[in-house]
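According to TrEMBL, the features are:
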{"type": "BINDING", "residues": "Cys34, Cys70, Cys104", "note": "[4Fe-4S] cluster 1 binding site"}
{"type": "BINDING", "residues": "Cys179, Cys183, Cys186", "note": "[4Fe-4S] cluster 2 binding site"}
{"type": "DOMAIN", "residues": "25-141", "note": "domain 'MTTase N-terminal'"}
{"type": "DOMAIN", "residues": "165-411", "note": "domain 'Radical SAM core'"}
{"type": "DOMAIN", "residues": "414-477", "note": "domain 'TRAM'"}
Amino acid sequence: MQEKYIDETKQGEAFAIAEKPENSKKLFLESYGCQMNFSDSEIVASILNEQGYNTTMKVEEADLILLNTCSIRERAEQTVRMRLSQFKNLKKERPNLTVGVLGCMAERLKTKFLEEEQLVDLVVGPDAYRDLPNLLKETEDGRDAINVILSKEETYADINPVRLGGNGVTAFVTITRGCDNMCTFCVVPFTRGRERSRDPHSIIEECKALAENGYKEITLLGQNVDSYLWYGGGPKKDFDKASEMQKATAVNFAQLLEMVAKAVPAMRIRFSTSNPHEMTEEVFRVIAKYDNVCKYIHLPVQSGSDRILQKMNRQHTRQEYLDLIKKAKEIVPEIAFSQDMIAGFCGETEEDHQLTLDLMRQVEYDYGYMFAYSERPGTPAHKKMEDDVPADVKQRRLAEIIALQGELSRKRMKSYVGKNYEVLIEGESKKDKNQWKGRTSQNAVVVFDKVEGHNIGDFVTVFVHDSTQGTLLGKAI
Ligand code: SAH
Ligand code: F3S
């Protein structure tokens, strides 16, 4: 399993690290969903660290349980509801225990949560984490507490995230928050608010601090990193209103990427997620120019049919997407791509579905994240379109997309066999303690036998001698 939506096994896993020895209260913090949530949890842990809480992995000893939740598909919400129900007995045994819901579900359901889930005391949306100390005081006084106000400015730029449960090698650095794109199927613009970019200086500072602390790879995070635009603060939408001076000194994503590449030359840099309609040639040129910028782009497309792309409000055509891929391959010949795909969106026909399969064959993605369409309340698709593809048809189309991706992945992985790659060691292979696991610049997972002298966090040249659908098998040289 590739890690875009964090390793499936880590979904809902609580993370803990040694923190302030003087802290006496215990926080059990679980994250669900995308990388952004995991990154936000590090901000939350940092804020609560200052309030006397250290994190714990044992739910039984927690004074405060927080779930950082995801609303992207119905299934994600069901998972959280089930998890909450497991806390019922704990709450009975320990009346002082506080249970809170953070993130996208908190934002989407607001006070409904307090009404529907009797055991929830605290509901906090993604832009309100600075208010946690006040909200906790309210719960201590026996009141339910809620803050789901979305902000046009909040980027948590000055908060130094506590690095939770990581390998000490790879870290996330948030560069934008929110999304203005309004893809018709997507709940994110409603749960995470307007798009805003973080001050490049605070980003560079954070990257340098990570480098000093031994980190070797950072992933710049945002719903659409390519849309990054810093002009002194405020929502991207208000850029038009910026002064001439602000406009002249604005920083776009390609420029930011170059700044980071130069600031931490010994670190690998990745970024996620890209949106095809905002991706520029300038970004490809920066990828090509800097060895430390990884030769890999996660470029969700959702569908290969123009008719469906239009209904999804994706802002680009099939041909424009294919042209973009072609351009990237010209400028960065060793580039690898992955996709997100939705099967069975409103009005999708067999012909549309075939166009999706055909586009996948043309691009030859290394891997993908594929989903059956799940209608989300309040989205434009929910309001204006009919979720009319029967569940069994959605599932069959999804299965065909997944099967084709399997074929493509095997083919792509095979193309790496017989060559040397620089691999960053991220940890031990789960299957075999005598092997390391790491990734190439193209984000392909490589496992290889340990040899004397190598450690987690080392860059090693590995000869790839074999491959499976998801993994390269190699030998350190
Ligand atoms: N901008 C970010 C977040 C998008 S959500 C990104 O592109 O990664 C991640 C993926 O979830 C989307 O690309 C889409 O493929 C999928 N998704 C979003 N809403 C969905 C829905 N209602 N049903 C099924 N899949 C959905
Ligand atoms: Fe969602 Fe589209 Fe934004 S998928 S996060 S609305 S780019």
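Heads up, the Cβ atoms here are built off N, Cα and C, so glycines get one too.
Counted with DSSP, the domain 'TRAM' (414-477) comes out as 2 helix, 34 strand, 28 coil. In this structure, none of the binding-site residues from Cys34, Cys70, Cys104 has a C-beta falling under 6 Å of any atom of ligand 2.
Looking only at Cα atoms, Cys70 ([4Fe-4S] cluster 1 binding site) sits nearest to Cys186 among the binding-site residues Cys179, Cys183, Cys186. Summary of the [4Fe-4S] cluster 2 site environment: with the site residues Cys179, Cys183, Cys186 set aside, the chain residues having Cβ atoms within 8 Å of the Cβ mean position are Asn181, Met182, Phe185, Val187, Val188, Pro189, Gln223. Classification of Cys104 ([4Fe-4S] cluster 1 binding site) by DSSP places it within a helix. A C-beta separation below 8 Å, combined with a sequence spacing of at least six in one chain, links Cys183 ([4Fe-4S] cluster 2 binding site) to Gln302, Met312, Asn313, Arg314. Non-local neighbourhood of Cys179 ([4Fe-4S] cluster 2 binding site): Cys186, Val188, Pro189, Arg192, Glu195, Gln223, Asn224, each in the same chain, at least six residues away, with C-beta under 8 Å from its C-beta. Non-local contacts of Cys104 ([4Fe-4S] cluster 1 binding site) by the CB criterion (under 8 A, 6+ apart in sequence, same chain) comprise Gly33, Asn37, Thr69, Cys70, Ser71, Ile72, Pro126, Val187, Val188, Thr191, Arg192. Around the Cβ of Cys186 ([4Fe-4S] cluster 2 binding site), 22 further Cβ atoms fall within 10 Å across all displayed protein chains. Those same-chain residues not listed among Cys34, Cys70, Cys104 yet with C-beta within 8 angstroms of the centroid of the [4Fe-4S] cluster 1 site C-beta atoms are Tyr32, Gly33, Met36, Asn37, Thr69, Ser71, Ile72, Ala76, Gly103, Val188, Thr191. Not one of the binding-site residues Cys70, Cys104, Cys183 has a CB under 6 Å from ligand 1. For the domain 'MTTase N-terminal' (25-141), the DSSP counts in helix, strand and coil order read 60 helix, 25 strand, 32 coil. Cys186 ([4Fe-4S] cluster 2 binding site) falls within neither a helix nor a strand when secondary structure is assigned with DSSP, and so counts as coil. When other Cβ atoms within 10 Å of the Cβ of Cys34 ([4Fe-4S] cluster 1 binding site) are tallied across all protein chains shown, the result is 22.
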